[in-house]
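Structure record follows, encoded as structure tokens.
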Amino acid sequence: MTADIAAAPAGQAVPLPPDHPKAGSGRIGVLLMNLGTPEGTGYWPMRAYLKEFLSDRRVIEEPRWKWWPILNLIVLSTRPGRKGKDYATVWNRERDEGPLKTITRSQTEQLAERLKPLAGDRIVVDWAMRYGLPDVKSRLQALLDQGCDRILMVPLYPQYAAPTSATACDQAFRALMQMRWQPTVRVSPPYHDDPVYIDALARSMRASLAKLDFEPEVILCSFHGMPKAYLLKGDPYYCQCVKTWRLLRAELGLSEERFPLTFQSRFGPDEWLKPYTDETVKALALAGRKSMAIVAPGFSADCLETLEELDGENREIFLHNGGERFAYLPCLNDSPEGIDVIAAVVRRELMGWI
Ligand SMILES: C=CC1=C(C)c2cc3[nH]c(cc4nc(cc5[nH]c(cc1n2)c(C)c5CCC(=O)O)C(CCC(=O)O)=C4C)c(C)c3C=C
Ligand SMILES: [Fe+2]
Ligand SMILES: [Fe+2]
């Protein structure tokens, strides 16, 4: 489809040169956006990924002059090697990519199938990563090239945080800033208290627990952490995590003691949101708990932070300190429950467009 272009004041068409840019219109794009993952587990791809990630001022709020030497002289000389080894333990060797990419692609494909009855080929679903590939700018352009003049951007984070949701949108808006003909855009809101999300989490957890050959004494509810200072400056992430936890606890009928809330993945010397997951796991084992499970409702897809850190490192901490049985309950991922949630958010946010 080619859009109507300019008309002369008298109503006559302006003759356009043959190289005049062609533009499509009339379709709707849905862009799922997640965090991103390195292109490989070796030193250089790991370094490139961490440099892009940790140079983002939404992630590290330290002044440039202070952070630049620490990042370039210390962090980027040691962390790529160490984290590359961690990534290697969860890497999808068949596709040669991190699990976050494999799962986000599958979520996209399944969402497209779910939306087909709604508007046929009028809706185009795609995915992009804030750091690394596929990048936000090129996937936005791909949607425009397919005739999408309305685009719904969907940060795949149930809880809003400046270092995740906001930076994904910043990246999209930076690309939009360079466009002569911008599409009309919408951004889907956080869905931390959406009954569809809470219900999907509860169903998924019940199914995972039913497959275990033991009943965990404690089920830890672990969210990715952030510096406490970001909360104090007004980031709503902590409060949204607490609300998800409260609603999920009520839905499952679990007490605060049986289903404690913790925060993982601390980085650097500053205080982060507490209680810390690793310290809590150790304390539970030392207090004589023999069995436990961990669930991570803040991640829409399993990734390094869940598969390696929770299912790997924290399992080891528990078993080395006297625990006997440990289970990691998977994220919603591309399960039917997971797609129920993304499809519900997208359908609601497309209202008025379809
Ligand atoms: C250093 C500051 C960081 C903040 C603040 C932060 C917040 C935050 N992150 C996620 C989700 C994910 N983080 C992931 C990896 C990851 N996170 C940080 C740092 C911060 N995150 C680093 C340096 C890394 C890379 C690994 C490492 O070096 O430790 C991932 C996994 C990506 C993957 O490829 O699998 C996710 C997902 C949230 C929700 C969040 C919220 C405040
Ligand atoms: Fe992170
Ligand atoms: Fe981690």
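Start at 1 and count along the chain as shown; that gives each residue its number.
Quick reminder: no glycine exception, Cβ is built from N, Cα and C everywhere.
The region 'Disordered' feature in TrEMBL is assigned to 1-20.
In sequence order, Phe263, Gln264, Ser265, Ala296, Gly298, Phe299, Glu305 are the residues near His224 (Fe(2+) binding site), counting only same-chain partners six or more apart with C-beta under 8 A. In the three-state DSSP scheme, His224 (Fe(2+) binding site) falls into the strand class. The Fe(2+) binding site annotation in TrEMBL covers His224, Glu305.
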